[in-house]
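Input: a single structure, listed below in structure tokens.
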Amino acid sequence: MKFDPEQVKLETKEDFDRAWSTSGKYVAQPDSTKDYTIHNEPGKAHPVYDTLNKLREAYINLGFEEMVNPIIIEESDIFRQFNYEALAVLDRVYYIGGLPRPNVGISDERFAQIEQIFGRSLTDSDKETIREILHKYKKGEIEGDDLVADLSAGLQIQDSKVAVMIDHVFPEFKKLEPVCSRKTLRSHMTSGWFITLGAMVDRRTTPLKLFSVDLVFRREQEENADRLRAYHSASCVIMDPDVTVEHGKAVAAGLLRQFGFSQFKFKPDDKRSKYYTPDTQIEVYGYHPALKGSNTKYKDGWVEIATFGIYSATALSQYDIPYPVMNLGLGVERLAMILHQAKDMRDMVYPQFKEEWDLTDAEIARMISMEKHPQTKEGHDIAMAIIATVERNGSAPSPCRFDVWEGTINGKKIKVYLEEKEEGKKLCGGAIMNEAYVYKGDLLGIPLNNPKFAEVAEKGAPTGIRNIDAIANAAARNIEEGVYETTVKMSRAPGDVYVKVDPVALRYIQGKKHKIDFRGPVFTSIKAELIE
């Protein structure tokens, strides 16, 4: 259930143990009348992972075998691969650090603090348990993830109190500063390929065709529309005594044709990375018809999309690899931007952090629902009977009454009917059959038979909810709860006709200054009466 974060923050600050221990009150209890089965329905793939999976399939279609390359690379490997370029490469890598294990001393004063937190005295056995477990932690025999649990089990005390003890009694833990190691996060997929090929060269025959699609990390000064600190590289290698740059061209064309690219240009890369053989480092440009005339910087249809080259013997020999190796790589996010015509990589990869967020009409429509639903079969039957009666007789002249349903619900025998007593009107108002649509960000209740709203009906996103649907279900639920009259007159907002707008959709619509318009004469009265 929904809770107030500010109130919980205050409670947590005052007494973490109590706030945490009682946080279960915010979790709804299972309702035996509800069906919690998760049914198959269309989901939505992220552009990056959609592209990533298609790249995996594309490589497999070309006969490549998928591998997982090491993601943690020793600094020494960078020097082996890049030689005197290594320092420039290392300037852009992330070194891995960790917190040292503190040498914790425990005085009588600290034991007194612990007793105050635990609310009980510590036995000699308890004190020895604390000393022993902290000593094992220092020696690395207990992992940080297990420290609280082991202390909790050893002392027979709630783990939340142990967490408070560590925070309050042992400031050494909070004063720790990370110590850097000589291990790095992979900045080039190439770093992993040398290690992988070095391990496989004596076990596999050539030609050996491998690929990997995975994360790489660069210590960029800042992220921008074209560059992120963490991104996915789709990389492949062919190890073969007779491999040439023509293999690189063939792989590039075979791979990218599967994504709609139809023409290719190959240009020497000015970077001349030292892990490639001189004059083999090639940039790949592809022409994609969908980009021609697009509102992007690729409007001429051409885009730089990949790079390939032949690994140098100077680098390969460091791993005892005696064969030339062609390597091709491309950025998954870059390809995803092209295929989805995105203008900013940050917004495409992390849409949840966009200052200017966007919802499609269909996404908003999925956030519109009926406010109430009957919980019994009889209630459901009542709702369906109300809807059927209005569909048949909604325009009947008044005064009029139409019996809808008769039966027993919750042990009471009742009769349900629709009624309009006033003369010169109809059983229901003209807006009773209006349906909720989302069009260009507006949420509208429209009559589908009115030509004025033909464009909305044709191009908008339907919610599938008519006024009568929501009202009938609400009336049925009211009857289940013993409320025997549901009357709606003029509608001005969704809530007037028991239509619910998710708070996210409401914030979006209001924030974008779109409108919600459910105005219309509904004028319907649904009643129930007890019968003998």
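From the backbone N, Cα and C atoms, a Cβ is placed for every residue, glycine too.
The feature substrate binding site is assigned by Swiss-Prot to HIS188, MET189, THR190, SER233, ALA234, SER235, TYR275, TYR276, ASN327. There are 25 other Cβ atoms within 10 Å of the Cβ belonging to ALA234 (substrate binding site).
Counting every protein chain shown, the Cβ of TYR275 (substrate binding site) has 23 other Cβ atoms within 10 Å. For the binding site of substrate, formed by HIS188, MET189, THR190, SER233, ALA234, SER235, TYR275, TYR276, ASN327 according to the record, the largest Cα to Cα distance is 18 Å, rounded to a whole number. In the three-state DSSP reading, TYR275 (substrate binding site) counts as coil. Taking a C-beta cut-off of under 8 angstroms and a sequence separation of 6 or more, THR190 (substrate binding site) has the following same-chain neighbours: GLN81, SER235, TYR275, TYR311, ASN327, GLY329.
Its own atom aside, the Cβ of HIS188 (substrate binding site) has 24 Cβ atoms within 10 angstroms in the protein chains shown.
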